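Below: one structure, written as structure tokens.
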Amino acid sequence: MTATTTTPTQPGFGERLAAFGRILISPRGAVFLLLAILLVAITVLNPSFAEPDQLVRFIQRVAPIAIVAIGQYFVIVGGEFDLSMGSVVTAQVVIAGNLIGQDASLALPVTALMLAFGALVGLVNGLVVSFLRVPSFIVTLGMMLALLGGVLYWTGGAATGNPADEFRELGRGGIRDLPVIGILPWAVVILAVVLALAIWFSKRPFGRTIIALGDNPVTAAYSGTRTWWVKTSTFILSSLSATVAGILLVGYAGVHPSVGRGYEFTAITAVVLGGVVLGGGRGWVVAAVAGAFALEALFTLLNFAGVPSTYRDAVQGVIIILAVAYAATTFRARRKGRALEASPAGPEQAPEPGPDEAKETVADPASARPAHIPSTQRDDNDTKGGS
Amino acid sequence: MSAASAAPRPARPRRRRRLDASLIVGIALVAVIVIGAVLLATIGRNFFSAGNIRDILTGMSVLGFVAIGQTLVILCASLDLSVPYVVSLSSLIAADIMAGNPANIPMAVLVVLVVAALIGLANGLIVSKLKVNGFIATLGTGLIIKGYLDTNYQGTSGSVPWDFQLIGATGVGPIPVSTLLMLFVALLAALFLARTRTGHRIYAVGGDEQVARLSGIRTARPVIVAHVLCSISAALAGLLLASRLGVGSPTVGTQGGYDLLSIAAVVLGGTLLMGGRGSIWGTIGGVAIFAVVDNVMSVLQVNPFLKDVVRGVVIVAAVAVYTSRQVDRRRPRFGPRGSVSQATDAPGGSDSTGTGRPGETSSDREEVRA
């Protein structure tokens, strides 16, 4: 990323530019390219979007999703899922609405309580996943049902009361009277802080251990990782991030049991758009945040383009499939290329047509690069036509 | 499950273990029934009355259809999150084409099944050819269908003739026809898994795709077949719902939460979420557990929101009981490959990748013999 600023003084400008370009089209950087294209497209449709205050508003709107995506990133890169995030957001919003009420002096203790509750939810998720060996998909699904049901039971299914304005200020207020942007929303500040913390954290040994655990739990365990604690901490992080998002949403969207619904899938979508591999071990937290931005930019674009809001979902579906397919095929091609010497399975989209299992089986025992096997080529074509 | 019956070699321990797997689900089901019966007895209701049995069986049928298909997909180590939208879409298509005229029924059913098969084909191709994770691929296609539904339907639509509504309404004794149909489809699916080549390959591919491919299996095809069958069985659930409601509804699938509940039922039935191990009958057991728990809570008039809490706890608790058994049970599988055995036994917390592997080797060998 920094290449562009430093290049003039450095030799090999073209080389660096090429490397930068390669990063952009690689799965890891593709999300930034996508985001840039979307932002440019929005600006073309609606030039006022590029004005600083509009941009800041946009970031404010993305902040809760981006924060949830950061939490989900840690869980996914550690090799698990967290489907309970949406319910955690809802639960925190309702807790804030019910407990703070109009009494502003309660804001701080209740915030502390919410954070503690978030940490507890994550702790339970993580412990059940680590010690009872229940797949995280099921644990967090159960947690999602139980939390949502519990919150609705508590409130009787209807929202009760708005918290004090001082508390809502976090979500909708900001630092006023600034020169260029007019107002700097607290949400943007919080997002920046959370992102900075996340980057710092993922550079720490502990953050790297999470990635190692997601990549290969056996190796991670052998190299001395306390796997249960690392795994549990990722769930705690994700629940805490959902709590922060909930605090922002209280101010921004008000108190309602439907706030936060579907956030778990939005977060997973954003993370995956950011090139993070489901199953763990690969990904970059900044890209996950960029995925959240790209998703929201996509919605904004569809809005400006006059696409009926009902088609938003369909377009979202197409985009995520294409993005992941692109990442998957590129990754595969590159890995095959590198692994050619070791196992000559050959690139699947090779000159010879056909992803063909038969040939690879034949080729595999011959450890060196195999010569052409003319007799099997016809089979390859048949295979392709058949499957 | 019953694949073991076809095994000619002296696979004595495996046969016992396989029985074990469905046995645990059965025991859990019996336990749930006993607890439920006792709870109902305390408020003076009879759990085993014909009406109650019929309620439970009716409650099983729709989720059962969806879960059968979901089992096939999960056995391939994929997922299908698009089922609720397929359910809604097929109920709408069926009701619209039938339009109250009994003569249109065959046509409507045919169109529904073809549309569902195409959706499943798209899912399967995206998962196997574009290498998109099943979670994301089906989330995407589900969103696409949702967009179509939201755009074209504002509310319920079409109307279902009485002849077709009978399917959802009649029964043989206390057993509803819909449940019989569901069990018949389950039988077909179980035979498909146990007796056909593709069925065996589904296990092999789900266990370990690399090994399956190196054994000469075209790994794409079982995945595609599983996805097509899953969408078709979801469409059957949609047809059944249309016959019950008398109209098609764009929200009937999402309201039922069939995506996550069917996955929960499959896992409850002892199928590994990572693929390669599991059975249709276990899934039916899981669906039955859900139906019984729901029924007991309805009769006890539990608050509907508390029901969700109980459901969530039951899912996690049941799977926890199941997996803790399974981990112990599966350990001897590592035996023949001693090094692996020590490797995975030592660091207690790291079963997830290790355990997926051995299951596949056995089904894989089976496949090669077939």
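Backbone N, Cα and C atoms are what each Cβ position is placed from, and that goes for glycine too.
TrEMBL labels come from automatic prediction, so no person has curated them.
The feature compositional bias 'Polar residues' is assigned by TrEMBL to B:339-355.
Taken from TrEMBL, the feature region 'Disordered' covers B:330-370.
Per TrEMBL, the feature transmembrane segment maps to B:21-44 (among others).
Annotation source TrEMBL lists transmembrane segment at B:56-75 (among others).
The transmembrane segment annotation in TrEMBL covers B:82-99 (among others).
Residues or ranges marked as transmembrane segment by TrEMBL: B:105-125 (among others). Only residues 6 or more beyond the boundaries of the transmembrane segment (B:105-125), in the same chain, are considered here, and those with a CB under 8 A from a CB of the stretch are 80, 82, 86, 89-90, 93-94, 97-98, 134, 137-138, 141, 145, 161, 163-164, 220, 223-232, 234-235, 238-239.
Taking Cβ pairs closer than 8 Å, the transmembrane segment (B:132-149) reaches residues 73, 77-86, 88-89, 92, 119, 122-123, 126, 250, 254, 259 in its own chain, all 6 or more past its ends. Sequence annotations record features per position, and here TrEMBL assigns transmembrane segment to B:132-149 (among others).
Same-chain neighbours of the transmembrane segment (B:169-194): 1-3, 5-6, 50-51, 53-54, 57-58, 60-62, 64-65, 68, 71-72, 75, 200, 202-203, 229, 233, 236, 240, 243-244, 279-281, 283-284, counting only residues six or more beyond its ends whose CB sits under 8 Å from a CB of the stretch. The transmembrane segment feature in TrEMBL is assigned to B:169-194 (among others).
Here TrEMBL flags B:223-243 (among others) as transmembrane segment. Beyond its flanks by at least six residues, the transmembrane segment (B:223-243) meets 61-63, 65-66, 68-70, 72-73, 75-76, 78, 80, 82-83, 86-92, 94-95, 109, 112-113, 115-117, 119-121, 123-125, 127-128, 158, 160, 164-169, 178, 181, 185, 189, 192, 198, 202, 205, 249, 252-253, 258 of its own chain at Cβ-Cβ distances under 8 Å.
The feature transmembrane segment is assigned by TrEMBL to B:255-273 (among others).
The stretch from B:21-44, B:56-75, B:255-273 that makes the most Cβ contacts under 8 Å with the transmembrane segment (B:82-99) is B:255-273. Here the transmembrane segment (B:56-75) has Cβ contacts under 8 Å with residues 83, 87, 134, 174-176, 178-179, 181-183, 185-186, 189, 193, 202-203, 206, 226-227, 229-234, 236-237, 240-241, 256, 258, 261-263, 265-267, 269, 271-273, 275-280, 283-284, 286-288, 290-292, 294-295 of the same chain, all six or more residues outside its ends.
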